[in-house]
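Visitor: Shown below is the structure under consideration.
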Amino acid sequence: MEITNVTEYQEIAKQKLPKMVYDYYASGAEDQWTLHENRFAFTKIMFRPRILIDVSKIDMTTTVLGFKISMPIMIAPTAFQKMAHPEGEYATARAASAAGTIMTLSSWATSSVEEVASTGPGIRFFQLYVYKDRNVVAQLVRRAERAGFKAIALTVDTPRLGRREADIKNRFTLPPFLTLKNFEGLDLGKMDKADDSGLASYVAGQIDRSLSWKDVKWLQTITTLPILVKGVLTAEDARIAVEAGASGIIVSNHGARQLDYVPATIMALEEVVKAAQGRVPVFLDGGVRRGTDVFKALALGASGIFIGRPVVFSLAAEGEAGVRKVLSMLREEFELTMALSGCRSLKEITRDHIVTEWDSPHPRPAPRL
């Protein structure tokens, strides 16, 4: 069967992967309301396309933190990619590089920062969880710097792990042949079996619940890399992030895996963009499956988007070729959406190109009788 869109990879991944692994990637927290909403909220935004504009040339290029990329579609950090495919993060890194875009490597990758760097050139960010032992954190950040990573994406929504009931039922743990490669030499690379979710127990033991804004300041004292704050959903926190010296904000609800009943990220985006007042770029993470979704996010003020699950599902289905295909399908769909909306470059995408269900109705002149 020919794959014609990103979503089709999920069913293939479901058939190929062990249940524990598929459920880990696919599920959300508790009732999974936010998981559904992350996708469904995009249906509440419609286009207002402009016609008769010369769209024979379309430029999708952009810069993120000063780095030029081919399109505003980037790869979000997702853990344990070798559970999906033996090449794991190596394959994802090569696919991102081939597409001319950014990959974010998870702290909990099954390949180390050095291994990913060895795949060849590419612009890569490193996602950071802050461990109780700050020496571990400082060491990890230094290793990412040395390996040529260009930014730190600090995850701020996980003082504790969300309640992911599929992982509890499956007694989720990392398969015995895999380790958290970045922590291998620190005796933090293995995850023990637990009475519920092995990952939840690992987080409870290792991740610092006391993490606060002062730690964002501390991070700036140990690295010169720009810091993106990942997990912002409100205007209040957007303002504090800017004041705290963040170089960018990622609007994220952790793939709906942390607190259930938070809004879809596309619903929270505009509030955060307005609060940031153009002082730092704002990115969207969560629910993007179509080029139309990318356009909607940019129309609401995002500087770019990150995809997570489409990467692991396509990786499971077809390895590196799958991830390449996901990136090229989203690129082609996004280019088509731009053309059909009358936009030739990203700066031409404006709020006027969409109308949302939460906008006040556009006043229409009364029809002449």
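From the backbone N, Cα and C atoms, a Cβ is placed for every residue, glycine too.
Heads up, TrEMBL stuff is auto-annotated, nobody curated it.
Sharing the feature lines straight out of TrEMBL:
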DOMAIN    1-359  domain 'FMN hydroxy acid dehydrogenase'
BINDING   Y24, Y129, R164, H254, R257  glyoxylate binding site
BINDING   77-79, S106, Q127, T155, K230, S252, 285-289, 308-309  FMN binding site
ACT_SITE  H254  active site, proton acceptor
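I'm curious about the neighbourhood of these features; can you describe it?
Guide: If you draw a 10 Å sphere around the CB of R257 (glyoxylate binding site), it holds 23 other CB atoms from the protein chains shown.
Using a 10 Å radius centred on the Cβ of A79 (FMN binding site) and all shown protein chains, the other Cβ atoms total 20.
Around H254 (glyoxylate binding site), the same-chain residues six or more apart in sequence whose CB sits under 8 Å from its CB are T155, D157, T158, G162, G231, listed in sequence order.
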Visitor: Over the domain 'FMN hydroxy acid dehydrogenase' (1-359), what does the predicted model average in pLDDT?
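Guide: Looking only at the domain 'FMN hydroxy acid dehydrogenase' (1-359), pLDDT averages out to 95.
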Visitor: What are the sequence-distant neighbours of G287 (FMN binding site), meaning same chain, six or more residues apart, C-beta distance under 8 angstroms?
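Guide: N38, R39, A41, F42, A264, T265, I266, D293 - these are the non-local Cβ neighbours of G287 (FMN binding site), listed in sequence order.
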Visitor: Let me make sure I understand the span of the glyoxylate site: among Y24, Y129, R164, H254, R257, what is the greatest distance between any two Cα atoms, in Å?
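Guide: Farthest Cα pair among residues binding glyoxylate: 19 Å.
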Visitor: Report, as a single number, how many Cβ atoms besides its own are within 10 Å of the Cβ of D285 (FMN binding site).
Guide: 27
Visitor: Roughly how many Å separate the Cα of Y24 (glyoxylate binding site) from that of R309 (FMN binding site), to the nearest whole number?
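Guide: Cα of Y24 (glyoxylate binding site) to Cα of R309 (FMN binding site) measures 11 Å after rounding.
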